[in-house]
Amino acid sequence: MNNMARIYFNSPCSNSNGNKMPPVWRWILLAVIIIVALSIFLPLPHIFSFHKSHAAEHLQELHYGIVIDCGSSGSRVFVYFWPTHSGNPRDLLDIQQLLDDSGKAVVKKVSPGLSSFEDNPGAASDHIKELLLYAQKYIPANKYPETVLYVLATAGMRMLPESAQRAILLDLRNDIKKDFSFIAPENHFEVISGKQEGVYAWIAINYVLGRFSHSSAGSDSSAAPVELVHSVEGETAVTHTRKRTVGIIDMGGGSVQIAFEVTDLRHSKDIPRSLLSEFNLGCQESDIEHTYQVYVTTFLGYGANSARERYEDMLIQQSESQTRGVFPLRDVCLPAGMKQSSKNDNGETHDFVGLGDYEACKRAVEPLMNLTVPCSKKPCSLNGVYQPHIDLSSEFYGFSEFWYSAEDVFGIGGPYSYEEYQSKAKEFCSTSWEVLSGRYKQNLYPKADDHRFRFQCFKSAWMSQVFHKGLSFPTTYRKFTSAQLVNGKDVGWTLGALIYKTRFLPLRDVEKLTEQLQVSSNWRHSYSLDVSFMLMACCFVVLTAIVVYMKWLKCCPRRADLSRVPSMSYFMTDQDQIEQGLQFTKGQGFIL
Ligand SMILES: Nc1nc2c(ncn2[C@@H]2O[C@H](COP(=O)(O)OP(=O)(O)OP(=O)(O)O)[C@@H](O)[C@H]2O)c(=O)[nH]1
């Protein structure tokens with residue numbers, strides 16, 4: 001006690017005047033005012049931040065989808081993901097391809113194609129399971145039950161008799177659900193039509209290029225030219241503007257698809273309904289902004305591998321009629337000196353020897369395009385099928401064979417130039433097989449597998465003829481790009497299939513957002529009432545406090561008097577006094 005200083009707080013009113021407002025009440029009054037003020041202003045940011053963080057959490061939740069493309073040359077699995085939809089009906093789902101830790105797309109291919117299980121359909125599911133086991137490693141296990149799975153087969157399966165298709169699909173439907181918990185009802189396993197395949201490829205590229213986006217945001221999308229679209233709403237013709245879409249040509253192993261938007265109803269009237277596809281990518285029924293009319297057609301048997309088979313059959317037939325079966329057959333579409341043995345559908349083996357003549361090859365494959373088939377309505381493309389005039393100011397993208405044929409061996413994938421392509425192809429075909437195979441062994445063509453390399457000469461001639469002679473693109477056309485990835489994203493038709501098949505998913509989020517907006521506007525209304533009430537209460541409390549304080553002041557001594565009264569006293573030891581040199585009387589306080 002001796003060595004310590006004690007501090008006393010003396011109220012100015014705690015004198016001997018008989019105070020009517022004890023200090024404790026003053027503090028209570030102050031506390032009430034502070035509490036009332038805090039209760040009004042503190043919840044605002046808190047409530048808003050709660051709403052914001054809740055919404056952010058909701059949007060960050062990821063959803064997954066798996067699509068397996070069962071093509072004629074093999075089956076390939078793709079994994080996609082998307083965050084919860086924004087709830088804005090103008091937005092489509094933001095579907096992205098899943099990448100692994102090294103930034104590579106999660107994709108796996110198994111060969112041969114699903115159609116090769118024609119005689120053993122019970123083994124088809126094992127083939128697909130291998131792909132699913134791979135894909136599911138990249139998806140969080142708790143998401144399996146809400147992950148959608150589509151197994152979609154194309155040209156290879158289309159070429160099988162229906163009974164064989166059914167047997168294979170049945171095996172998949174029965175077996176896959178036993179081992180995997182993905183969402184995969186029966187209709188998620190199907191053989192899609194060529195038209196669907198074309199439309200899906202068209203959707204995929206336009207989606208990735210941002211051509212379906214109706215906002216001006218996004219670098220590529222904002223650079224897209226604007227198109228006037230004439231359509232009909234009810235009885236009236238309307239015109240609206242939106243981004244110009246690009247056309248596609250997709251050449252697989254078995255079939256070829258071409259699809260492009262028809263933006264003028266006057267032209268679409270000329271197009272047979274079977275060649276026109278109208279669809280709405282929006283989640284709401286009368287969504288004109290997302291409704292597109294696309295000319296789409298498919299040519300089964302016009303894919304590069306099927307065309308090669310037809311070509312070999314044609315050579316065999318010609319040789320049988322002309323040379324009475326002299327073998328090996330001389331083949332202008334194989335590199336000079338290359339020998340090739342092929343088995344036909346009857347199990348017969350035929351030998352071919354390459355002559356390496358690219359121009360002669362182009363002429364030789366022409367009859368396979370069936371350009372002389374009567375054309376009931378002009379103009380026609382392959383096989384007598386009507387094709388409206390193509391607007392050459394619009395862009396086209398070429399997929400699959402168009403990409404592999406240009407890129408794998410020639411290294412010129414991307415913007416297409418007729419002259420460059422022809423010169424590369426001519427040079428390749430005419431180079432002797434001995435030289436070419438030497439280069440191949442030195443790994444100078446790392447992207448090309450053995451099959452691609454052997455048939456590159458044929459495939460490049462076929463691709464060129466289909467593009468220019470069959471589909472009538474002039475050799476001067478400069479707006480064609482072969483592509484596999486665009487903006488780093490895979491633009492295969494599987495992405496388009498998922499976009500199309502999940503187009504109604506946002507509906508739930510659109511409804512949820514509308515409800516939330518409703519609730520939040522109600523909440524804001526009731527909250528503003530609360531705030532008004534609280535403010536009035538606060539004013540009342542403050543006014544009362546002022547009145548009480550004024551009354552209390554009257555009972556207090558004047559400030560001048562108070563100045564003589566010690567407000568805070570130190571009680572110090574003798575030692576303290578000496579050390580601080582203060583004038584101090586023992587036991588008496590001093591004014592601070
Ligand atoms: N370099 C390379 N070539 C490929 C690849 N995938 C397929 N090809 C080749 O491209 C050709 C066409 O293959 P896809 O585009 O997969 O066609 P598909 O799905 O088998 O055929 P469709 O059933 O007609 O759609 C095949 O003959 C293959 O030789 C690949 O990943 N890399």
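Cβ from N, Cα, C; glycine included.
A TrEMBL annotation is a machine prediction, not a hand-curated record.
Following the DSSP three-state reduction, the secondary structure of E197 (active site, proton acceptor) is helix. Residues or ranges marked as active site, proton acceptor by TrEMBL: E197.
Residues or ranges marked as ATP binding site in TrEMBL: G253, G254, S255, V256, Q257. According to DSSP, G253 (ATP binding site) sits in a coil region rather than a helix or strand.
Positions annotated as transmembrane segment by TrEMBL: 24-44 (among others).
TrEMBL lists 531-552 (among others) with the feature transmembrane segment.
Per-site Cβ counts within 10 Å over the binding-site residues S255, Q257 peak at Q257. Neighbour count (other Cβ atoms within 10 Å of the Cβ, all protein chains): 27 for E197 (active site, proton acceptor).
Cβ neighbour counts within 10 Å, taken over all protein chains shown, single out G254 as the most crowded of the binding-site residues G253, G254. Remark: V256 (ATP binding site) has I249, D250, T298, F299, Y302, G303, L382, V466 as non-local neighbours, by Cβ distance under 8 Å and separation of at least 6 in sequence. Checking the binding-site residues G253, G254, V256, Q257 against ligand 1 with a 6 Å cutoff on the Cβ atom leaves G253, G254, in sequence order. Note: the Cα of E197 (active site, proton acceptor) and the Cα of G254 (ATP binding site) are spaced 12 Å from each other.
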